[in-house]
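As recorded in TrEMBL:
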type	residues	note
TRANSMEM	A:21-45	transmembrane segment
TRANSMEM	A:85-105	transmembrane segment
TRANSMEM	A:126-151	transmembrane segment
TRANSMEM	A:163-184	transmembrane segment
TRANSMEM	A:191-211	transmembrane segment
TRANSMEM	A:236-258	transmembrane segment
TRANSMEM	A:293-312	transmembrane segment
TRANSMEM	A:344-367	transmembrane segment
TRANSMEM	A:388-416	transmembrane segment
TRANSMEM	A:436-454	transmembrane segment
TRANSMEM	A:459-484	transmembrane segment
TRANSMEM	A:504-524	transmembrane segment
Amino acid sequence: MSSPFTGTRHLVRLILRRDRWILPAWIVGLGGTITASALAVPSFYDTPEKVAGYAGAVGTSPVSHLMSGRQAGIDTLGGIVANEISQVAQLGICLMVMFLVVRHTRAEEESGRAELVRSTVVGRHAATLAALLYGVAAALVIGLVTTVSMLAVDLGLLGSVTYGAGLTLLGLCYVAITLVAVQVATSAREALGLAGAAIAVGYLVRGVGAMQDNALVWVSPFGWAQRMDAFGAEQWWPAVPVVLLTAALLGVAGWLTVHRDFAGGVLPARPGRPRASRFLGTPLGLTLRLQRGLLIGWAVGLTALGLLYGAVMPTIPDLVASNPDIAEVIGASPDVEQALTDAFLRYIFLFMAAASCGFVVTSVLRLRAEEESGRAELVLATGVRRTSWMAAAAVVAFAGVLLLTLLMGLGLAVGYAVGTGEWDRVVEHVGGQTSYLPGVLVVAALAVAVVGLWPRRSLLAWAVVAFVVVQVLLGETLRLPSWVDAVSPFSHLPEVPVEDFDPVPGLVELALAAGAVGWGLWAFRRRDVTTP
Amino acid sequence: MAAVELEGVVKTFGAVRALDGVDLTVEAGEVHGFLGPNGAGKSTAIRVLLGLLKADSGRATLLGGDPWGEAAELHRRIAYVPGDVALWPGLTGGEVIDVLARLRGGLDERRRAETIERFEFDPTKKCRTYSKGNRQKVALIAALASRAELYLLDEPTSGLDPLMEKEFQQAVLELKDEGATVLLSSHILAEAEALSDRISIIRAGQVVQSGSLAELRHLTRTTVIAETARSAAHLAEVDGVHHPRFVGARITFDVDSVHLDAAVQALAPLGVRSLSVHPPTLEELFLRQYGEEATA
């Protein structure tokens, strides 16, 4: 008997075999970070005074609300742990299921391997179901690891289970969202873009809702998961909308699977230009054209992020006024508002700089995709020098992230001005964001070096990004040893605007970045080009 | 001067010896067939010639230059078609043809138009929608549309239909008339037989035979089928005759090309009623090369 799901079991086994390193890497990386944080936090809050202090400071901080939402039971150890890990755990689980699901659906179709598999006895929905089961299983493992590590520090059974369940449900919801994105998109990259945008929107909507303390929280799966109120008055009914949305999305994904062609998208392909524009005849022009979509997508996303953060910034004084606790903790001086706004800005600058590391590494690692597909061979068999080919990619990544940095700063300034009518902060915001750029360029340069030196270990470049993000988001929670903090390029840059700008560390980092790029180019000239 | 020269080229990937001392000479102006089964080292040899891979030892010369050290300069004088063409999914076929030709250093507009028409190619579609044959056409058109001294074609017709295959053969003959050199790697023997002046057969990383088709045939056996009035049983005793088979009055045997004369002399007095002699096809040459090595 064959059903639309025939062969699912074999596909799941194939997925597990292919991901025997990738899945454990996600679980160890993400689960390990969550566990380490959960284990580290309680020792810092070992007296009721310290717990109360956290609740007073962080629990009322608009930055914390924007980034981590309003965590229930923030005046208990459980709430503190949940609040500290929530950013990495929630964003991490969503990104994990997104990458895993796209990898085994759209990317497989694109490579042509899926065609081979589906010509065997495999039902129409088997591939979708296999990816669903796989994504859900991965989310379950992360949820379980989180619950267990919370139990390991005696955070209470009900709270720990509720938190882990909320996290897993969030992952489940984004598995379904990704499965729809996969059907709508015409390529794996487009699917990643759509699903990534859905994660960003869900995260930001919850953040703004929590910051302003309004109903927006209930528009986002992030909000639903959090409003299960682990470590507060646990309630399980917010799981209902998550499950309903997931079921509806799976229905849509199933319907789309039936109504589109294999390897096609919902939107039909249009005819294009029969001739290349003059601009395309150089390695730089070609690279720019190939990364146009990537750059536009990131530019739109990060500009919107800047606008949003800029728009909420003016509300900080009001939030302080309505919350005498903050003043109590920081000190009741007229500078309190300024200090809070500076701290907010500094964190936003750092957060957006870390986010833009995602762009530079994606951009630089396109070199590897070009090599592995055989397209690099086609270009390098023409009159293009290897160094020109690689340098073109580095230029696009560096110039691209410079553009993104300016746009993020401008977004902040414009968002701020729209709310306040004050247009005189543009230089301050753009300059402040740019002061963090050297750190991003170091990450980009390391990616170039990896491509030149260890082409088959290009995931190392993503490990650098993962480290930087964890250091930025969790560095204080984990109380990393100072030498570990020192590895991050952002640790050495002045904390603008909390500290005054100092050009020296940035210039030193630029020199290091130039050296790493040179090293990568040198190594690439001396190695074999990877051919398929 | 030879257009391509490989002398004792060795290339290893980990424990695998992909090229195990390859010797290959392609004279300027000839079409050289480069034959071998999958995995014999054809593509690896071509990639060494393109400077994409660095040989572990041995000497490679391309148009008188060093393919590793002077890659970019040499590439302006050559055109390359890989056997499995990967293209940018978001660019159209027409754009890719222009990009590759311009990066090589020039595009002959007339040839571009002619070749697109010849291969009945639609340049307005996005590459992600092209079939394998159409992707192959993109690389072929990009190569043929630029005037090169040397064409390195690595199984260029895989995925093409027979009509397009014929157009391809015609195009290669035109290149030869213009004085260009072509290194044509293939496992389609009819194609190589129709086009090649000389042929090299590669097996397990070594060139095992090299020469014109006539020379290669001379090294091997001719098949003779004769019907004779009197018994031909003693033919089995003649030097160089192999595998005589008798069916009634008919004898079929293979004979080493150098002993053909003696065999025919021996047949003549027997009253020959019918006689057919055919030289080995390239396919037989090829299969024999592998069959003998396999049984040895």
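The backbone N, Cα and C atoms fix where each Cβ goes, glycine too.
The structure displayed is predicted, hence computed values, not measured ones.
Highest Cβ contact count with the transmembrane segment (A:459-484) among the listed stretches A:126-151, A:191-211, A:293-312, A:344-367, A:504-524 falls to A:344-367 (criterion: pairs under 8 Å). Using a cut-off of 8 Å between Cβ atoms, the transmembrane segment (A:126-151) and the transmembrane segment (A:21-45) share at least three residue pairs, counting only pairs 6 or more apart in sequence. Nonlocal intrachain contacts for the transmembrane segment (A:163-184), taken as residues 6+ away from its ends with a CB within less than 8 angstroms of a stretch CB, comprise 78, 82, 89-90, 93-94, 96-98, 101-102, 105-106, 128, 131-132, 135-136, 138-140, 142-144, 146-147, 150, 191, 194-195, 198-199, 202, 221-222, 224-226, 228, 230-231, 236, 238-239, 242-243, 245-247, 249-250, 252-253, 256-257, 260, 265-267.
Long-range neighbours of the transmembrane segment (A:504-524) within the same chain, counting only residues 6 or more positions beyond its ends whose Cβ lies under 8 Å from a Cβ of the stretch, are 386-387, 390-391, 394, 435, 437-439, 441-442, 444-446, 448-453, 489, 492-494. No contact links the transmembrane segment (A:436-454) to the transmembrane segment (A:236-258), because fewer than 3 Cβ pairs that are 6 or more residues apart lie under 8 A. Among the listed stretches A:293-312, A:344-367, A:388-416, the one sharing the most Cβ pairs under 8 Å with the transmembrane segment (A:191-211) is A:293-312.
Simply put, out of A:236-258, A:293-312, A:388-416, A:388-416 has the most Cβ pairs sitting under 8 Å from the transmembrane segment (A:344-367). Cβ atoms under 8 Å from those of the transmembrane segment (A:388-416) belong to residues 282-284, 286-288, 291, 295, 298-299, 302-314, 345, 348, 352-353, 356, 359-360, 363-364, 366-367, 376, 379-380, 422-423, 425-426, 428-434, 436-437, 440-441, 444-445, 447-448, 451-452, 517, 520-521, 524 of the same chain, restricted to positions at least 6 beyond its ends.
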